[in-house]
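Chemist: First the structure, which I've put down as structure tokens, then a few questions once you've had a look.
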Amino acid sequence: MSLAREEIVKGLVNILGEDRVITDETVLKESSIDRYRKFEQCHEVYTQPIPAAVVYVKNTEEVRNVLMFANENGVNVVPRTGHSAIEGGLETALENSVVIDGSEMNQVLEVNKESMQVTCQCGVPLQSLEDSLREQGLTTGHSPQSKPLAQMGGLVATRSIGQFSTLYGGIEDMLVGCEVVFPGGQVCRIKNVPRRSVGPDIRHIVLGNEGALCFITEVTVKIFKYQPENNRFLGYRIKDMEKGFQALRQVMVEGYRPSVARLYDLQDAEMNFDWADGENVLLFMAEGPASITKATAEGIDEIVRKIEGVTPVDASLIETWFNHLNWGAEQIAQEKKEILATDNIGITTEISGCWDCIYKIYASVVERITNEVPDLTMIGGHSSHSYINGTNMYFVYYYNVVDCRPEDEINKYHNLINRIICEETVRFGGSIAHHHGLGKARAHYVWEEYGSSFYMLETLKYAFDPNGVMNMGTLIPVKHDKEHPWNF
Ligand SMILES: Cc1cc2nc3c(=O)[nH]c(=O)nc-3n(C[C@H](O)[C@H](O)[C@H](O)COP(=O)(O)OP(=O)(O)OC[C@H]3O[C@@H](n4cnc5c(N)ncnc54)[C@H](O)[C@@H]3O)c2cc1C
């Protein structure tokens, strides 16, 4: 039999003491969702089950004790660090869940300048880590737009990616080793080595698990020399979006590795660049030793200028724009004010596809959303992470919320748009989530995404979380309506 709310709180207080078991109603409500339900959040309307408690853990032993308590008593837990999730990964989908917050595990344990790696606890904010590394002439190379908000545990748990990914890769290319705790109480450490050939790469069980398999307590990531004085910026207007994708492809296929390679369609460009002048925008940044950035910038410029319909712009425009790209608490507060004042809301959904299908996905998503979604005020997007075999597409959309209560917005608009994006992406052979994770929102499409390999994901879930207490509903939905997967 499951424990009553009071018994759960009592058990947690026995483990952690009263101070670190929070049962304040406002905190609990705010902890029941993340930015997937941004409209509800702005209106302070909470539709998800309110957790029994939020607990602040200070070390691995405490994480272990809380997880074992939850596992033995069938209590759902939701791991959390920076609270910047945007796909519902932090929603407490089951009654009487416990949010385990690791943000007080915030020590940088070692900066190893010889082996070029840094080890930190899960709650280290990326911004403070990066600021202190830069003072020492070093960088993680990781720069998601949420750098001012996100913390190391969450960044690994979501398989995050940063703005310089074309050079440094995603977090999966940076993670060297880690320590994690499973619900049965097993504490596992994956050691720090440059590479090994000893069976499957078990780091990938941790990466992107979204708190549905284990709690990440410590991570070691690579570090690189920080040499901003050598940065080169390039920017272009380009008339045709499809040719823009071809330009990105050519840069990658010819073997160039800019840190940033981005293509904005004209709708998104209009919102970001006052010089876009009704055209799409291509931009690049090269980082690293001076000889490499010079050669990279010159090589890319030569390729792009040969493409029809391209107009170069002053490099300083790109540099200025780039320095104001990140989002912290201030931008989030400002956004809330604007949403409340206008009932107009902007949301993003990102996917990926190989070069042979990305334009088809883009064009068909834009067409369907334009035709099928009511009250739309903008649909567009950009590609911001490119590879030898393809790229991502980051759809950006705005709509007016008309004639509906805050709690009805999600199904009337947001889930409808998500469905279109997921359907078209799967139809053309892409992946429904490039870097924000499946959370609870896109988990409804997990079968379409995985196909026959769903067996492997499901087996991992059963093996590592046999009692079903790790962030239930994330990766695999708790309730799923096959006929109407977008309605939840
Ligand atoms: C304005 C904005 C911009 C963004 N830009 C980017 C971007 O450029 N690139 C990008 O990749 N993402 C981006 N995101 C999404 C988000 O910031 C990332 O997913 C980030 O990695 C989440 O880190 P966090 O510490 O905030 O994790 P949280 O939000 O606390 O948690 C995220 C998920 O990870 C799980 N989790 C958290 N901590 C742990 C842990 N210790 N152990 C196990 N599971 C855990 C949670 O259960 C949840 O499912 C953006 C978000 C916002 C709001």
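Cβ coordinates are placed from backbone N, Cα and C, and glycine is handled just like the others.
According to TrEMBL, the protein has these features:
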- 47-226: domain 'FAD-binding PCMH-type' (DOMAIN)
- Glu210, Gly211, Ala212, Leu213, Cys214, Phe215, Ile216: FAD binding site (BINDING)
- Arg262: site 'Important for enzyme activity' (SITE)
- Tyr394: active site, proton donor/acceptor (ACT_SITE)
Chemist: Please identify, from the recorded positions Phe215, Tyr394, the residue with the sparsest Cβ neighbourhood, meaning fewest other Cβ atoms within 10 angstroms.
Modeler: Tyr394
Chemist: What's the number of neighbouring CB atoms sitting within 10 A of the CB on Cys214 (FAD binding site)?
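Modeler: Excluding its own Cβ, Cys214 (FAD binding site) sees 25 Cβ atoms within 10 Å.
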Chemist: Whole-number Å distance between the CA of Tyr394 (active site, proton donor/acceptor) and the CA of Arg262 (site 'Important for enzyme activity')?
Modeler: 11
Chemist: Using the CB centroid of Glu210, Gly211, Ala212, Leu213, Cys214, Phe215, Ile216 as the FAD site centre, which other residues of the same chain sit with their CB within 8 A?
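Modeler: Leaving out the recorded residues gives Pro79, Ala157, Val180, Val206, Asn209, Met470, Asn471.
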Chemist: For the domain 'FAD-binding PCMH-type' (47-226), what is the mean per-residue pLDDT, to the nearest integer?
Modeler: 98
Chemist: Under 6 Å from ligand 1 by Cβ, which recorded positions from Glu210, Gly211, Phe215, Ile216, Arg262, Tyr394?
Modeler: Glu210, Gly211, Phe215, Ile216
Chemist: So for Arg262 (site 'Important for enzyme activity'), how many other CB atoms are inside 10 Å of its CB?
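Modeler: I get 26 for this one.
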Chemist: Restricting to the same chain and to sequence separations of six or more, state which residues have a Cβ under 8 Å from that of Ala212 (FAD binding site).
Modeler: Lys461, Asp465, Met470, Asn471, Met472, Thr474, Leu475, Ile476
Chemist: Taking the Cβ of Ile216 (FAD binding site) as reference, which residues of that chain separated by at least 6 in sequence fall under 8 Å from it?
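Modeler: Result: Pro79, Gly102, Cys122, Gly153, Val156, Ala157, Cys178, Glu179, Val180, Val206.
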